[in-house]
Amino acid sequence: MKVFYDSDFKLDALKEKTIAVIGYGSQGRAQSLNMKDSGLNVVVGLRKNGASWENAKADGHNVMTIEEAAEKADIIHILIPDELQAEVYESQIKPYLKEGKTLSFSHGFNIHYGFIVPPKGVNVVLVAPKSPGKMVRRTYEEGFGVPGLICIEIDATNNAFDIVSAMAKGIGLSRAGVIQTTFKEETETDLFGEQAVLCGGVTELIKAGFETLVEAGYAPEMAYFETCHELKLIVDLIYQKGFKNMWNDVSNTAEYGGLTRRSRIVTADSKAAMKEILKEIQDGRFTKEFVLEKQVNHAHLKAMRRIEGDLQIEEVGAKLRKMCGLEKEE
């Protein structure tokens, strides 16, 4: 798999173009500011006088309605939540798409699953930082960047690569390294990682460990430290050095205990469940479920949020984070 760097990309394809960033959340703010600071012509499209309107203006952006931005721009970069994109696209963006324009995303969900079907003659690309928005912005300001992905679904103008690579350079991704992939691969692997490991798997593992210790009579504070708080230390070691060097940095007791017991926690059944989760992503079952959830105003999701908020580990964690001086990071 080829990795591109700053010297591989040029901004030339965007020099005379206008980029409309639709949305001003964490990624919208970071990506738009980075491209603006890279000398690109950026406008921000938002709901008139919405919560983000004044924030974007305060950051020095040329702010306009989504319709105005879509009409004005050559590249329309959609960074609003996945479940809102199709509706906004149909009513506020599609009427202003003309041949030669480029539709861009940072997640392939709506293109891959067919919720957005662009007209002929329009490029469809993706540029995705592999980091939260705050880090995208901070590392750019520090003179570096975060890794990212680019992909091309439709190259209607025969220069879609030049356009998306220039966007990646403008955001600062090529300072760290950019990998070219496909909408299918980006979407399916991203969803799987979130569900099985990063958001779903890890939180369930932490909860189970915490509850096991508390049910055995140990202090909830001790349980939190040992199953949640210290996780960051291990993840940071893996992030910086990989598995092998993480094992080198922990004690022999931790290494032996971890290596000999881990397969009893994540079993063959766990991997079978992961394969089923991946299959649900690949065949569209998860997508249908998520669409139905939106149709009932996220009733199930809201109920799950309430349950998570009432967990004992949340109450204990809030106290300990305050004690550790971490409350400012929340």
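Every residue gets a Cβ built from N, Cα and C, even glycine.
The feature active site is assigned by Swiss-Prot to His107. Taking the Cβ of His107 (active site) as reference, residues of its chain lying under 8 Å away and at least six apart in sequence are, in sequence order, Asp82, Leu126, Ala128, Glu186, Thr187, Asp190.
Per Swiss-Prot, the feature NADP(+) binding site maps to Tyr24, Gly25, Ser26, Gln27, Arg47, Ser52, Asp82, Glu83, Leu84, Gln85, Gly133; the stated evidence is sequence analysis. The DSSP secondary structure for Gly133 (NADP(+) binding site) is helix.
Glu194 (Mg(2+) 1 binding site) is surrounded by 13 other CB atoms, counting those within 10 A of its CB over all protein chains shown. Taken from Swiss-Prot, the feature Mg(2+) 1 binding site applies to Asp190, Glu194, supported by sequence analysis.
The Mg(2+) 2 binding site annotation in Swiss-Prot covers Asp190, Glu226, Glu230, and the record cites sequence analysis as its basis. The DSSP secondary structure for Glu230 (Mg(2+) 2 binding site) is coil.
Residues or ranges marked as substrate binding site in Swiss-Prot: Ser251. Taking the Cβ of Ser251 (substrate binding site) as reference, no residue of its chain lies under 8 Å away while being at least six apart in sequence.
Residues or ranges marked as domain 'KARI N-terminal Rossmann' by Swiss-Prot: 1-181.
Look at Swiss-Prot and you will find 182-327 tagged as domain 'KARI C-terminal knotted'.
In sequence order, Pro132, Gly133, Lys134 constitute the residues six or more apart from Ser26 (NADP(+) binding site) in its chain with CB-CB distances below 8 Å. Farthest C-alpha pair in the NADP(+)-binding residues Tyr24, Gly25, Ser26, Gln27, Arg47, Ser52, Asp82, Glu83, Leu84, Gln85, Gly133: 20 Å apart. Look at the binding-site residues Asp82, Asp190, Glu226, Glu230 and count other Cβ atoms within 10 Å of each Cβ; Glu230 has the fewest. Looking at Tyr24 (NADP(+) binding site) and Glu226 (Mg(2+) 2 binding site), their Cα atoms lie 37 Å from each other.
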